[in-house]
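Annotated in TrEMBL:
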{"type": "TRANSMEM", "residues": "12-34", "note": "transmembrane segment"}
{"type": "DOMAIN", "residues": "36-412", "note": "domain 'Cation/H+ exchanger transmembrane'"}
{"type": "TRANSMEM", "residues": "85-105", "note": "transmembrane segment"}
{"type": "TRANSMEM", "residues": "111-132", "note": "transmembrane segment"}
{"type": "TRANSMEM", "residues": "144-165", "note": "transmembrane segment"}
{"type": "TRANSMEM", "residues": "177-199", "note": "transmembrane segment"}
{"type": "TRANSMEM", "residues": "211-228", "note": "transmembrane segment"}
{"type": "TRANSMEM", "residues": "248-277", "note": "transmembrane segment"}
{"type": "TRANSMEM", "residues": "289-311", "note": "transmembrane segment"}
{"type": "TRANSMEM", "residues": "323-345", "note": "transmembrane segment"}
{"type": "TRANSMEM", "residues": "390-410", "note": "transmembrane segment"}
{"type": "DOMAIN", "residues": "466-597", "note": "domain 'Cation/H(+) antiporter central'"}
{"type": "DOMAIN", "residues": "612-754", "note": "domain 'Cation/H(+) antiporter C-terminal'"}
Amino acid sequence: MNATQTFICQPDLINPLTTMGLQMSGILVLSHLFHLAMKAVGNSGPVAQILAGLALGPTGLSRIDKVRNFLYEQSTKDYYPVMEFFFSIIFMFQIGLETDISYAIRTLRPAGTIAYGGIISSFILGGTLSFFSYRYLDFIGNTYIVYGLFIIIFLANAAPPAVIRLTAELKIATSDIGRLAVCSSLVNDMSCLFLYALIIATHSGKGFGRGILCLMVTVGLIFLNKYLALWFNRRNRNQKYLKHTEVFIILSLVIATSMIIELMSYNSSINCFLLGLMFPREGKSARTLLFKLTYSINNFILPIYFGYIGFQFNGNYLQKLENIVTVILVVVLSIAGKVAGTLAACKYMKIPLNKGVLIGFLLNMKGHADLVLLSGVSNILSWTLKSHDLLLMTIVINTVISGVVISIIMRKEEKRVAQAYRSLELQDPENELRLLACVYGPRHVAATVGIISALRGPQTAPITPYLMHLVELPEKHKAKSALYHELEDDEIEVNEDDYGGNDVLEINDAVDAFTADTKVLIQQVKAVSTFSNMYEDICDDAEDLRVSIILLPFHKHQRIDGKMESGKEGIRTTNQRVLRHAPCSVGIIVNRGPGGAPGFTQILSSETTQHVATLFFGGPDDQEALACSKRIATHPCVNLTVIRFVPSPSSSTENATHPDDDVFLADFYNRHVRSGQVRYVEKCVNNGTQTVAALTEMGDMYTLFIVGRGRRGQSPMTTGMSDWEECPELGIVGDILASSEFSINGSVLIIQQHRNPSI
């Protein structure tokens, strides 16, 4: 009997549910205490939550008679699978909703290789284990083949909820290694559940027909969700989020479909994941579901889910030697099979050994498909309660050991799994670009989205943009920013969403329009902070998200008459502090254009052509600006011109250039100019006056100017230009281009390359 059938057929609900309510309350309290205590030594939430359940269960406090009588009722065990079923529906739907489809497609080959490497090795060791453990686990009157497949799936599975939560807490969820581990765990989990479904279909005479029906129901709801999401988005055009009733309708359909599938003796986890994966990402529907689900899942559902795994751990079975041997054998073979198979796959994929070990132990985290097996195995196998409890104990021990080992590895290898690229210069334009764009309001969105659109380059070049909405908070308040899928237990205030006013609506609409036009998902972040601390939020999120560049808005905005008007001084102070403390390169966007309109906007079609100029004077910042231009040049609707300023041959002044400039430019010229992709021009100037004159000539020719911030105090080409400098944070040339006294019809992007603090 599966979870849904148990829930429907049980006549007495009140007493068991009351007891379970007390158990959940105790698990929540202890899990938060354990989490706070163990977080200081680097251990993760899932491990702390499992240990909290273990401390409350029959191995811990419930050994005391009064506690056991208060917390235990025999019939509550029948409802554990029901609780696991409903919790699994919610978090598998959310996992699908948060999955980066483009990244999953790009990494399907390496993720699949790693996942099936662990599965194949577990298949070999599982077959060996099943031969020796058949009589010890008391499987009664069953064929050895079915039992062997059960053991293989049990050893081979990985739990995506545990892997996702663990990587988020260790702050590697955005790293290449963390994302690969999550993707591999999903491939592993779906494969194990699919094999389990095949066993069910083979065991039941009508299994395959029911399987096709389940697939049709899932596909039908996928299409229905698309229409519902569009309809709800239109209905709530002037609202931040959907109404509670609309959220209830979407989740009710998911739950109802899952119950139908469970009643057909199939597991609904694959169905829920696919429903979330195929749900439309743009618009208020997906944004509302993520906002509503994430807080509940991270703070209630997952702590209770993992806590109940530990709560069911019964150490009384370990009083017999044969039980101890069985548990140790299962745990050792599970770890050995998963790590060995993963290492073999990583060696084939040329992934370093230390990262392979980390992925291996991450994929050894248990707590999903194995629980599905334990709750549904009675449909195909006959076994005793002792067999169930012994295997559940191996889940607890496996997860705790893996979590501790991962924490130890991370303390030693944390620097090696840090972001690979802190600047654009060393990054191949064909590789994924991760960037963090900051806006204070709708005024900054058009130019920012335009830059993101240009940096997207060709459609084959992957880009992962994050948009941070910066909201000023009075000094007496402080709220830390949080990504929707990485909220810490103690880092969210429910009323934080009230900040930002109606600006949020306009920003969301602009982001949704961009996603609809380009199919590129911009992940949104909000930072509510005082100006004195806002730079810390920006830099911390840039570090956690492992971006290569931060884009900031200029503190001045252009009026209709073309003059630049100063905004809040706190914006300027924040920009200056980010430039000093940023963990990566930084770009400041000066939004200028004819008649106060944005000079550079989103590229919507092939009929629109944007003319971009990169000004090169020399030095690391200009090299970074040129590296940024490489990506923009690959966009089919951008005409890029690189303008190099050089001293006139007749000049008697020595040219103070950076020693790497000629080598860098020669490589750029051979790659992009010779092919006709980029136009290259040299301007001969002797002093700042001639440089300003040259800049004035091109003021109406381009919609975007890109220039390095630079330190050009000794350059003869900028002599005297700093005499009327207003904003040193823009550099000498950037300050001129952003000045009200200088008339241009294009926006300006000033870039500073990340510098090693030790230099």
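Just so it is clear, glycine is given a Cβ too, placed from its N, Cα and C backbone atoms.
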Under 8 Å, at least 3 Cβ pairs, sequence separation 6 or more: does that hold for the transmembrane segment (111-132) versus the transmembrane segment (12-34)?
no
What mean pLDDT score does the domain 'Cation/H(+) antiporter central' (466-597) have in the model?
80
Contact between the transmembrane segment (248-277) and the transmembrane segment (85-105) (at least 3 Cβ pairs under 8 Å, separation 6+):
yes
Using a Cβ distance cut-off of under 8 Å, indicate which of 177-199, 211-228, 289-311 has the most pairs with the transmembrane segment (85-105).
289-311
Cβ under 8 Å, sequence separation of at least 6 from the ends of the transmembrane segment (177-199): give me the contacting residues as numbers and ranges.
95, 99-100, 103-104, 107-108, 110-112, 114-116, 118-119, 146, 149-150, 153, 156-160, 163-164, 167, 170, 211, 266-267, 269-270, 273, 355, 358-359, 362-363, 365, 368-369, 372-373, 376, 380, 417
Check the transmembrane segment (289-311) against each of 211-228, 323-345, 390-410 and return whichever range has the most CB pairs under 8 Å.
390-410
For the transmembrane segment (323-345), what are the same-chain contacts with Cβ under 8 Å, counting residues 6+ beyond its ends?
113-114, 116-122, 124-126, 128-129, 132-133, 136-137, 154-156, 158, 317, 353, 356-357, 359-361, 363-364, 366, 386, 390-391, 393-394, 397-398, 401-402
Provide the three-state DSSP residue tally for the domain 'Cation/H(+) antiporter C-terminal' (612-754): helix first, then strand, then coil.
54 helix, 34 strand, 55 coil
